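Listed features, source TrEMBL:
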ACT_SITE  CYS140  active site, nucleophile
BINDING   THR11, ILE12, GLY110, ARG168, GLN301  NAD(+) binding site
BINDING   SER139, CYS140, ASN141, HIS194, GLY195  D-glyceraldehyde 3-phosphate binding site
DOMAIN    2-140  domain 'Glyceraldehyde 3-phosphate dehydrogenase NAD(P) binding'
Amino acid sequence: MLTVGINGYGTIGKRVADAVTQQPDMELAGVAKTRPNFEAQTAVRKDYPLYTAVEERVELFEEAGIGLAGTVSELVEQSDVVVDACPSGIGADNKSMYESLDTPALYQGGEDADLVDTSFNARGNYSAAAGASHVRVVSCNTTGLSRLLTPLQEQYGVEKARVTLVRRGGDPGQTSRGPINDILPNPITVPSHHGPDVNTVFPDLDIDTLGMKVPATLMHLHSVNVTLESSPTAADVRDLLREESRLFLVPESMAIDGAGKLKEFAHDAGRPRGDVWENCVWEESISMEDNDLYLFEAIHQESDVVPENVDAIRAVTETADANESIATTNETLGIGL
Ligand code: NAD
């Protein structure tokens, strides 16, 4: 049984904590929070042992009537693996604590790639994390692109990928983010950081990316063009992508015309928090022009990295191979719409 601690219990951390409790080979040691906000209170309601991330704040939790199990270093000490889901840059500050307590750590996509031994995507490079001490689960967008590009590369070869990412301005809970009435080239410079980030998983892949930000909170949308090294039909590509467990091909018959209906569908399907762990590829959009593949896909930024974190725990501890881990994670979470 792997004992897993979660440091940083926000958008990603709370989802990974829930996912860990569903794994037959893992137990949740607890979660660490900096303050006794609504998420801390949720952790208590779920009976997750709560640890303070800042020792001097013990009183703050006491005043809010929240009992603590201890401090974050105590949590890390008793964990076989710690998942750091703190805001970007804080993971780097925490690295020395994980090292001093000799606990392998998973970081999130907001950290720099050079912080870690390897960046990680379960379908793309699972075995690269074997036995590593510091692993970065790549960002929501890079996770989505890695899942899509891996089978294309394996089956047809990728000459070059070009992707425009229409990015949500912020998550639903991020009230300070925007824009609220604008369409931004973001970043304005080309390529955006996403292409180089994909190269942390596939060093040799030729990819250019452009980013935009729009007033939306639901999902990201990718406009994808991949020049393949061969020329399959659109039907061939559809069949290939349909076989991928973390790609959901949105059929025309569902009449899902955007991210709003995708999220509505996930809620109707009983998904926790309306999460959509899969890339959502519109089946009708899959088109071939000579060697050029075109498609649209939507990525739920708050949740697509959750199964990847679960798989990364098994990858670093070498307790399952990629296929075993992906199958267990998919089955326990209910992945596959
Ligand atoms: P978040 O702000 O929702 O959650 C971070 C949590 O960490 C908060 O609860 C915060 O209070 C807590 N925290 C702050 N400082 C801390 C500290 N020193 N010790 C312990 N906890 C601390 O952020 P998030 O969206 O969950 O992002 C976390 C990481 O995941 C970032 O690297 C981000 O880039 C990455 N990520 C985010 C998304 C997304 O869309 N939200 C998607 C993929 C990856």
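Backbone N, Cα and C define each Cβ position, glycine as well.
Features recorded in TrEMBL, as mapped to the structure shown.
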{"residue": "THR11", "record": "NAD(+) binding site", "Cβ contacts under 8 Å, 6 or more apart": "ASP171, GLY173, GLU302"}
{"residue": "ILE12", "record": "NAD(+) binding site", "Cβ contacts under 8 Å, 6 or more apart": "ALA85, GLN108, GLU302, VAL305, VAL306, ASN309"}
{"residue": "GLY110", "record": "NAD(+) binding site", "Cβ contacts under 8 Å, 6 or more apart": "PRO87, SER88, GLY89, GLY91, SER139"}
{"residue": "CYS140", "record": "active site, nucleophile", "Cβ contacts under 8 Å, 6 or more apart": "GLY109, HIS220, ILE299, HIS300, GLN301, GLU302, ASP304, VAL305"}
{"residue": "ASN141", "record": "D-glyceraldehyde 3-phosphate binding site", "Cβ contacts under 8 Å, 6 or more apart": "LEU165, ARG167, HIS194, ASP197, HIS220, HIS222, ILE299, GLN301"}
{"residue": "ARG168", "record": "NAD(+) binding site", "Cβ contacts under 8 Å, 6 or more apart": "LYS213, VAL214, ALA216, THR217, LEU218, MET219, HIS220, GLN301"}
{"residue": "GLY195", "record": "D-glyceraldehyde 3-phosphate binding site", "Cβ contacts under 8 Å, 6 or more apart": "VAL163, ILE207, ASP208, THR209"}
Candidates near ligand 1 among the binding-site residues ILE12, GLY110, SER139, ASN141, ARG168, judged by a Cβ under 6 angstroms: ILE12, GLY110, SER139
Additional residues surrounding D-glyceraldehyde 3-phosphate, by Cβ distance to the SER139, CYS140, ASN141, HIS194, GLY195 centre under 8 Å: GLY109, VAL138, THR142, THR143, GLY144, LEU145, LEU165, SER192, HIS193, ASP197, VAL198, THR209
Env. residues of NAD(+) site, Cβ within 8 Å of mean position of THR11, ILE12, GLY110, ARG168, GLN301 Cβ: SER139, CYS140, ASP171, GLU302, VAL305
